[in-house]
Amino acid sequence: MQPNDITFFQRFQDDILAGRKTITIRDESESHFKTGDVLRVGRFEDDGYFCTIEVTATSTVTLDTLTEKHAGQENMTLPELKKVIADIYPGQIQFYVIEFKCL
C-alpha cells in the first residue's frame, strides 16, 4: 500500500470531496509541494486514504494577509480561518497556500 503524501483533519474530508475546500494552508515543513504535483490524500487521524489531488498553484501568505477569498476557498469565514490557522500553528506567521483540485 502506498503512503499518503499529505493529510487533512477528518472534519475537512467531505468539503474536499465536494469541491468546497480547494486550498490548504501549511507551515514551512510542507512548503515543498509544486504546481502539477499529484498527491495521495489521507486523514490525519488514521492516515486512511480518501482521494487524490493535483496541486494547481502555490503561494505564500501571512495571518495578516489572509483574505475573504482564502476563507471562501477553505469553506470558512475569515475569522474562522484565522483561528484555525492560529490553533494549528501557534506563534507562526509565514504560511504556504496550496491550491488543489480532486482528481
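Just so it is clear, glycine is given a Cβ too, placed from its N, Cα and C backbone atoms.
The annotation active site, proton acceptor is assigned in Swiss-Prot to LYS21. Annotated active site, nucleophile per Swiss-Prot: THR24, in sequence order. According to Swiss-Prot, the active site, proton donor annotation covers GLU74, on the basis of sequence analysis. Annotated domain 'ASCH' per Swiss-Prot: 6-101, in sequence order, evidence recorded as sequence analysis.
Counting every protein chain shown, 23 other Cβ atoms lie within 10 Å of the Cβ of GLU74 (active site, proton donor).
In this structure, the C-alpha atom of THR24 (active site, nucleophile) lies 7 angstrom from that of GLU74 (active site, proton donor). Residue counts of the domain 'ASCH' (6-101) by helix, strand and coil are 31 helix, 35 strand, 30 coil (DSSP-based). Per-residue confidence over the domain 'ASCH' (6-101) averages 97 (mean pLDDT, predicted model).
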